[in-house]
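Let me begin by presenting the structure, written as structure tokens, before commenting on it.
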Amino acid sequence: MAALLVRGVRDMLKRADFATVPRRQRHKKKWASTEPKFPATRLALQNFDMTYSVQFGDLWPSIRVSLLSEQKYGALVNNFAAGDHVSAELEQLKARDFVNETVFHREPEPENSQTAAPSHVSWACSPNLRCFTFTRGDVSRFPPARLGSLGLMDYYLMDAASLLPVLALGLQPGDTVLDLCAAPGGKTLALLQTGCCRNLAANDLSTSRTSRLQRVLHSYVPQDVRDKNRVRVTSWDGRKWGELEGDTYDRVLVDVPCTTDRHSLHEEENNIFQRSRKKERQMLPMLQVQLLAAGLLATKPGGHVVYSTCSLSHVQNEYVVQGAIELLDNQYSIKVHVEDLTHFRKLFMNTFSFFPSCQVGELVIPNLMANFGPMYFCKMCRMT
Ligand SMILES: C[S@@+](CC[C@H](N)C(=O)[O-])C[C@H]1O[C@@H](n2cnc3c(N)ncnc32)[C@H](O)[C@@H]1O
């Protein structure tokens with residue numbers, strides 16, 4: 001049985017056709033002498049074939065081919081820079097603002113409808129976000145962002161699924177917000193676009209990556225917003241945050257380091273599946289639990305946390321959420337409630353493909369018609 005499985009996986013690997021990966025996403029070939037015998041991208045595929053074929057069953061072949069194909073982007077409009085002409089230009093390209101279309105212009109649900117929004121506010125989306133995507137099956141690309149008249153870039157290109165954790169966090173005007181693992185800064189920028197942050201702490205352990213975050217902020221956010229003590233960028237170990245600033249924030253985003261599944265299939269550079277990084281990879285779930293626990297401790301009782309990854313792995317997603325909740329209960333007697341995002345998922349299912357059977361949280365799975373993600377997110381409320 002085991003031999004059959006190994007042979008099956010070996011055959012699959014032989015058939016894996018990397019030539020279908022678009023040129024701009026292929027890694028640069030090294031000289032023969034330095035080229036690894038078994039590249040990390042291939043190790044990643046081997047690992048995913050073994051774990052995800054079990055985890056996703058019949059869904060895995062379609063997720064797999066989507067992961068190996070060119071991903072789709074979203075254009076997050078920069079509210080600090082743009083007049084309405086940017087939205088108009090994006091509409092001319094036949095892109096549509098999936099947030100505005102979904103959240104604000106939805107047909108009212110019929111009375112007594114089973115899908116009607118729950119009265120609970122857990123699904124309420126962070127406001128003022130505008131993100132354009134091409135419709136299902138349209139694989140057009142956005143032109144690069146441009147500098148606007150105020151000296152700020154007009155939009156930020158990102159995986160549109162990356163906006164979902166920020167939308168799910170449900171910011172309210174005047175919130176104090178912590179972005180625990182913030183660099184290179186796509187989600188930090190989205191948090192600021194809501195106009196809700198009384199102040200925002202954006203942290204990342206890596207100083208080189210916080211420099212990238214600073215560059216993003218300089219290119220997209222006016223100086224007065226960056227300066228007025230409203231945005232603080234730090235390079236601390238996020239695991240210590242509970243001790244540094246416990247019970248402090250209304251909303252916390254914990255977008256942890258993970259196996260970055262799509263990146264790991266396409267880029268040799270900084271690939272977590274390099275043999276030398278095996279230990280680091282194995283320790284990821286432990287680090288993720290510690291970061292989520294720290295994020296929960298930094299939240300005020302009654303405040304909200306969103307945990308997110310760009311991995312399909314249940315071990316890095318649902319198990320981490322369950323592990324951190326248990327840890328807070330056992331070590332600190334703090335109760336955490338996982339919020340039901342079913343309604344939130346229904347709002348966005350025309351744009352994204354969701355895995356239908358997550359135990360906790362929601363998972364966007366790559367699909368050739370809507371090739372976003374993977375993106376897992378789970379919203380929690382700290383009760384005590
Ligand atoms: C998935 S990335 C964050 C992406 C970012 N939120 C965005 O949307 O652009 C995870 C980040 O966690 C950072 N990180 C790793 N270990 C950390 C730690 N102990 N404390 C804080 N940040 C950490 C990494 O440097 C990396 O930039």
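The backbone N, Cα and C atoms fix where each Cβ goes, and this holds for glycine too.
A 10 Å cutoff on Cβ-Cβ distances gives Cys310 (active site, nucleophile) a total of 22 other Cβ atoms nearby, all chains included. The active site, nucleophile feature in TrEMBL is assigned to Cys310.
Non-local neighbourhood of Asp237 (S-adenosyl-L-methionine binding site): Leu205, each in the same chain, at least six residues away, with C-beta under 8 Å from its C-beta. Annotation source TrEMBL lists S-adenosyl-L-methionine binding site at Cys181, Ala182, Ala183, Pro184, Gly185, Gly186, Lys187, Asp204, Asp237, Asp255.
Feature annotation from TrEMBL assigns domain 'SAM-dependent MTase RsmB/NOP-type' to 85-383.
Here the binding-site residues are Cys181, Ala183, and the one with the most other Cβ atoms within 10 Å of its Cβ is Ala183.
For Ala183 (S-adenosyl-L-methionine binding site) paired with Cys310 (active site, nucleophile), the C-alpha to C-alpha distance reads 14 Å. A simple way to gauge crowding: the CB of Lys187 (S-adenosyl-L-methionine binding site) has 24 other CB atoms within 10 angstroms, across all the protein chains here. A gap of 15 Å separates the Cα atoms of Gly185 (S-adenosyl-L-methionine binding site) and Cys310 (active site, nucleophile).
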